[in-house]
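Beneath this line is the structure, given in C-alpha cells, with notes to follow.
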Amino acid sequence: GFVVGHAGLYQALAMFAVAYFIIGMTVLSVCAIATNGALDAGGAYCILCCGRALGPEFGGSIGIMFFLANVCGSALYVLGLVEAVVDSFGIPPGQKAGTGVHVLPQSYWYELLYGTVLLALCLLVCLVGASIYAKATFLIFLIVAGVLGTILVSFFATRPIGVPWGGFSHGLGMGTLRRGSHTSPSQPVPVCLAGGYGVDYTTGQMMSFSSVFAVMFNGCTGIMAGSNMSGDLKRPSYSIPRGTISAVLFTYLVYNLLAFLMCATCNRTLLQKDYGFLRDISIFPPLVTVGIYAATLSAAMSNLIGASRILYALARDDLFGRALALAKKTSASGNPVMAVILSWLVVQLVLFSGKLNTIAGVVTTFFLLVYATVNLACLALEWASAPNFRPTFRYFTWHTCLLGIAGCCVMMFLISPVSASASLGFLLLLLLALHYLSPSSTWGYISQALIFHQVRKYLLMLDVRKDHVKFWRPQMLLMVQNPRGSTRLIDFVNDLKKSGLYVLGHVELQDLDTLPSDPLQPQQDSWLSLVDKLNVKAFVSLTLAPSVRHGVRQLLFTSGLGGMRPNTLVLGFYDDAAPQD
C-alpha cells in the first residue's frame, strides 16, 4: 500500500521488476555456489570466504558488511513491528489516558522499550537453537499464508466503505479526521496509476522514487535466509536452490497481485495516510494484525539468526584475531550462543534510530553491496575456469553475474549516493585492515586463478613464427652459484633485460639416483624470497646435474614456455674460491 500510494501502479510494477531482476540474478549466483560442494555455517560469508572464492581479505570484509546488513535488517523489522503495535494499541497523542484497547503510551522512549521487549523475544528463540527457530518459522509461514488468503478475499467481499485516517493513529489532532475510500474492483474508483509522492506521516519526510524503492526493497532481501542457515540444513546444496527460487517466484507474484488489487479498490488518500488500512477493509481485522506481527517477527528472527551465524563463522576463521574470540563459544548442542548475544547487542544499538524508514536506505545499500559481491564471486570463478568450480546448478552464466553486479551498483547510488559511497569506503578500510593486520592464511586466492587463466591464453597467442628483428629483446638466463655473493650481478642483469624474460638459474652438482629425495624442493621458497628481497622481476629455475655444463644445457632447454624462452646466457667471472658468508 505504501508503494502503490506514493509511486502509483506503473512505477510500483517497475520497482518490483527492477528489484526482482537484481535479486533474480543474485539467486542464480547463490544457487551455483551453494551447489559447488559442501557448505559450512555462515551463509553468504561461507559462500564468499569459507568457499575460498575471493580470499580472506575480500571475503572477511564482505562478511562484516553482511553481518551489519542482517543486524540493521533485524532492527528494521523490529521497528516495523513496533509501529504496527503502536498503531493498533497506542494512546492517541494529546490524550492522557487511552480508551478501549488503546492503552500503550506513545513516545520515543516508550517505543524503544517496546522494541527492546520484542527483540528479547527473538533472542530467546535464537538462543534455544535452530530447530525451534525452524519450527517457529514454519508456524509463522502457515499463519501468514492464511492471512494472505483472507486479504485477497476481502478485496472482493468487503462492501465499499470510507476509512477514517488521522486522529490517534497518525499524529493529527482529532479535529483533522479525514477519510480514505475502499470499493470493490467492479466499481469505479480514482485509481493510482501514475505517481503522486507525498509526505511519509511516520517520519515527516517527502517521499521520492529512490526513498520508496529503498523501503520496498527490504521486502525482497530474504533471499539469503536459506543460505544463512547452511550449517543447520541437512542437505544445503539441495534445499537452498529449490527453497530460494520458489520463495522468490511466490513473493513476486503476491506483490504484483496485491498492487493490482490495491490500485483497483483503494484511493491514494487511504494508501498514503494509513499503512494499516488492510485491517480496516478485512473481513476479519484481528487476523490481519496477527499476520503483520507474525511476518515482521519472523523476518526479525531470520536476520538475527543469520547475523549470529556469520559472526560465528568470522570468529572461527580467526580473521580478526582476538577481537571476535568471544563469538567462538557454543552450547553443548553446537548453537553459537555468544555470537547470538553479541548480534542481539548490536541490533539493540541500532534500535535507537527510532523509525523504520530512517534506516531503510542504509539496510538496502548494505544488502545491495553484498549481493553485488556474491555475483562478483561467481563471475570470478566462472571467468577463471577454476577446476574446483563445478556447480550442479547450471542455470547461470557470466552474463547473469555481470547483470547482477551492474544492477546492484546502479541502484545503490540511485537510492543514496552518500550511503553507497560510505559503504564502499568502509569496505575498502576493512580490506586494507585485513590485508595488513590479519594473520597469514593458507587459503587460495581467486586472483591467482584469474592470472593463470589469462597468462595461458596470451602465451598461446604469442607465436614464435611471427618474431621480427625490430622487436627483438634480450631474454636472460643468469647462472648463479652463490646468491649472497651475486646480488650486484643480479641487479646488473635486471637492468639489462629491457622488459624481457629474466631467469635466475642454479645447478646443484649431485646425482638424484643416489639421493633419498629431491634436495631442490626445499630451496625453491628461499630463492623466491631472494627475488622478492632484491625486488627484481625474475623467475627461478633450479636443476640437478653431474656437471655445470650439463646443468646449463638442461636449463636452456627447459626454462621458459612457448614464445618466452631464454636467448642469452649470462655467466659471472670464473671463481673457484670457497664462498664466504
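Glycine is treated like the rest: Cβ placed from N, Cα and C.
As the structure is a computational prediction, the values presented were derived from the model and not from experiment.
Marked as domain 'Amino acid permease/ SLC12A' by TrEMBL: 1-477.
Beyond the transmembrane segment (12-37), the same-chain residues lying 6 or more positions past its ends with a Cβ under 8 Å from any Cβ of the stretch are 3-4, 44, 47, 51, 53, 209, 212-213, 216-217, 220-221, 223-224, 227, 230, 236-237, 240-241, 244-245, 248, 252, 255-256, 259, 263, 368, 371, 374-375, 377-379, 381, 388-393, 395-396, 400-401, 403-404, 407-408, 411. Per TrEMBL, transmembrane segment is recorded for 12-37 (among others).
Per TrEMBL, the feature transmembrane segment maps to 58-79 (among others).
Here TrEMBL flags 112-133 (among others) as transmembrane segment.
The annotation transmembrane segment is assigned in TrEMBL to 138-157 (among others).
According to TrEMBL, the transmembrane segment annotation covers 206-226 (among others).
Among the features that TrEMBL reports, transmembrane segment is placed at 247-270 (among others).
Among the features that TrEMBL reports, transmembrane segment is placed at 290-315 (among others).
Remote same-chain partners of the transmembrane segment (336-353), defined as residues 6 or more beyond its termini with a Cβ less than 8 Å from a stretch Cβ, comprise 41, 67-68, 70-72, 74-75, 78-79, 112, 115-116, 119, 122-123, 126-127, 304-305, 307-309, 311-312, 315, 326-330, 359. Taken from TrEMBL, the feature transmembrane segment covers 336-353 (among others).
Here TrEMBL flags 359-383 (among others) as transmembrane segment.
According to TrEMBL, the transmembrane segment annotation covers 395-415 (among others).
Look at TrEMBL and you will find 421-438 (among others) tagged as transmembrane segment.
For 488-576, the entry in TrEMBL reads domain 'SLC12A transporter C-terminal'.
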Within-chain partners of the transmembrane segment (421-438) [C-beta distance under 8 Å, separation at least 6 from its ends]
56-58, 60-62, 64-65, 319-321, 365-366, 369, 412
Under a Cβ pair cut-off of under 8 Å, which of the recorded stretches 58-79, 138-157, 206-226 contacts the transmembrane segment (395-415) most often?
206-226
Taking DSSP H, G, I as helix and E, B as strand, the domain 'SLC12A transporter C-terminal' (488-576) contains 37 helix, 20 strand, 32 coil
